[in-house]
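Engineer: One structure, as structure tokens, below. Some questions next.
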Amino acid sequence: MADMFPLYRGDQVRAMDRRAIEQWGIPAYELMTRAGTAAWALLRAQWPQVRRIGVACGPGNNGGDGYVLARLAREAGCTVHVVCAPGGHPRRDPAREALAAWRGAGGRVESFDGMLPDVDVWVDAIYGIGLSRPPSDAVRSLIERINASRRPVLALDVPSGVDADRGRVPGVVVQSRVTLSFIAAKQGLYTGQARDACGEVRVDRLGLPAIDTGQDPPSAWLVRDTDLSAWLAPRHANAHKGEHGHVLCIGGEVGMGGAVRLCAEAALRTGVGLASVATRREGVAALVAARPEAMTHAVEDATALAPLLERASVVAVGPGLGQGDWGRSLLDASLGAGKSLVLDADALNLLAVRPVPVPGAVLTPPPGEAARLLACDTAQVQADRFGAAHRLAQRYQAVVVLKGAGTVVAAPGRDPVVVGAGNPGMATGGMGDVLSGVIASLLAQGLPAFEASVAGALLHATAGDAAARVDGERGLLPSDLFPHLRRLANPA
Ligand SMILES: NC(=O)C1=CN([C@@H]2O[C@H](COP(=O)(O)OP(=O)(O)OC[C@H]3O[C@@H](n4cnc5c(N)ncnc54)[C@H](O)[C@@H]3O)[C@@H](O)[C@H]2O)[C@@H](O)CC1
Ligand SMILES: [K+]
């Protein structure tokens, strides 16, 4: 397994914070001072030219971190405007101590009256992991003003307004350029709506010893492009195609033949030994002409599918399958074949109509299909992507790859993994067909289902990022990923 990055919920980080205070005797105000100091150092490194700094402070310890930063910035000769969020005067230590120190150093606190001072950069210290409800109208107005200023924002710990456990934004959120998270990385910052609000996420341990994941088991893990090589070992010299598996891609109802081709080509470009396609008769000639390496068969019913299922080591079913009788019969035959399965697209829509556990299979739903599989609405899935992926994995006894910004991979008995790659250019029809082909390919090459899903989702997202770097996100096509998939599937 790769050297993944540990993620935590807010309550777990609070426990680390308490341990630092109670067991190691580090006073709370000392930790707060370290947080403000780390943030000030990052601000200086990030924007060395700035002289006018705005700090928006809330009522809790996140605000306290902001008062510390404000004092340090003032001592360094900057003009600092501290704006107190409506209802945001700290009432408890150590934030009260930080406010007193700011005042003691000659600093003033401005109340927010609807206008903001003109500054070069904003520091968001309104709410951290203590956000308990959507911001009030008055705080909403402050956040909207900060966003409208178009100045870069450094968010302390989390962008204010983000639910740091779930990645949702229950109201309005500060749009940050950089987020400096304290003590440990919060899982919610890496998926869902939060991804947009955080900008670049950094983590500072505040001088505490390196995380021991045995003592502090993470709630989730993050994988990044640098982890890819852990799953993609070089091939040995006398390899033959039989060792690299045989993927059968099933789908391509009339009018949707391209989907199954994308799936098969993705499997081939990421190293599967053999790829077959079972599709409608109408699609065969075009597919053979476009991708002669895929062995393409006209399959009109489950009987014709049986010998193909027999020969395959992995079956990817769903791309362009449709939800009619043809698709249903091929899906049912696949479910009964006893092969490793990747279920995507219409296979998931059909499964949602007649839900049954599919032990060990890989399901690759985007939020809409996930909602159908859970019989809830898409907003509920997006409000808690970790929870939704977990519920899907339990209900279907499967590995679940919940797609979308910050893809979450979950399986019964496994910690969830978030994919720290991908971009909005990948929100295009056909991108999912490529992903199911990549995962099927890695399964066929011998990775277990969970590892194939994590590595496949990461490989796919990283290829999407590489393709977007060439000509931008808008207009990115699934087939643009192929050369990058091939290159990335062969790490140096
Ligand atoms: N030992 C320490 O003092 C440390 C504190 N840290 C900071 O402390 C933060 C957590 O501090 P807190 O627990 O005080 O939480 P926050 O500072 O996030 O805010 C909690 C306060 O905001 C109020 N609040 C929450 N949502 C609200 C809403 N929508 N409208 C109005 N009021 C709302 C709560 O009632 C509470 O008074 C972390 O995010 C981090 O920034 C870290 O720097 C680590 C060290
Ligand atoms: K904040």
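Glycine residues also receive a Cβ, built from the backbone N, Cα and C atoms like all the rest.
The annotation domain 'YjeF N-terminal' is assigned in TrEMBL to 13-214. Per TrEMBL, the feature (6S)-NADPHX binding site maps to 61-65, 128-134, ASP157, ALA259, GLY320, ASP433. Taken from TrEMBL, the feature K(+) binding site applies to ASN62, ASP124, SER160. If you look up TrEMBL, you'll see 224-492 marked as domain 'YjeF C-terminal'. If you look up TrEMBL, you'll see LYS403, GLY404, ALA405, GLY406, THR407, GLY432 marked as AMP binding site.
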Engineer: How big is the gap, in Å, between the Cα of SER160 (K(+) binding site) and that of ARG133 ((6S)-NADPHX binding site), rounded to a whole number?
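Structural biologist: About 11 Å separates the two Cα atoms.
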Engineer: Counting distance between Cα atoms, which of the binding-site residues ASN61, GLY63, ASP65, ASP157, GLY320 is nearest LYS403 (AMP binding site)?
Structural biologist: GLY320
Engineer: Report the nearest neighbour of GLY320 ((6S)-NADPHX binding site) in space among the binding-site residues ASP124, ALA405, THR407, GLY432, comparing Cα positions.
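Structural biologist: With Cα distances computed to GLY320 ((6S)-NADPHX binding site), the winner among ASP124, ALA405, THR407, GLY432 is GLY432.
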Engineer: Let me know the largest Cα to Cα distance in Å among the AMP-binding residues LYS403, GLY404, ALA405, GLY406, THR407, GLY432, as an integer.
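Structural biologist: Roughly 14 Å, rounded to the nearest whole number.
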Engineer: Using C-alpha positions only, work out which of the binding-site residues GLY404, ALA405, GLY432 is nearest to ASN61 ((6S)-NADPHX binding site).
Structural biologist: ALA405
Engineer: For the binding-site residues ASP157, ALA405, GLY406, which residues place their CB under 6 A from an atom of ligand 1?
Structural biologist: ASP157
Engineer: Near ligand 2, which of the binding-site residues ASN62, GLY63, ASP65, ARG133, LYS403, ALA405 have CB less than 6 Å from any of its atoms?
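Structural biologist: Result: ASN62.
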Engineer: Identify which of the binding-site residues GLY63, GLY432 has its Cβ surrounded by the largest number of other Cβ atoms within 10 Å, counting every protein chain shown.
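Structural biologist: When each Cβ's neighbours within 10 Å are tallied, GLY63 leads.
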Engineer: Other residues near the AMP site, CB within 8 A of the CB centroid of LYS403, GLY404, ALA405, GLY406, THR407, GLY432?
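Structural biologist: Other same-chain residues near the AMP site: THR191, PRO366, PRO367, LEU402, VAL408, VAL419, GLY422.
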Engineer: DSSP three-state call for ASP124 (K(+) binding site): helix, strand or coil?
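Structural biologist: The residue in question, ASP124 (K(+) binding site), is strand (DSSP, three-state).
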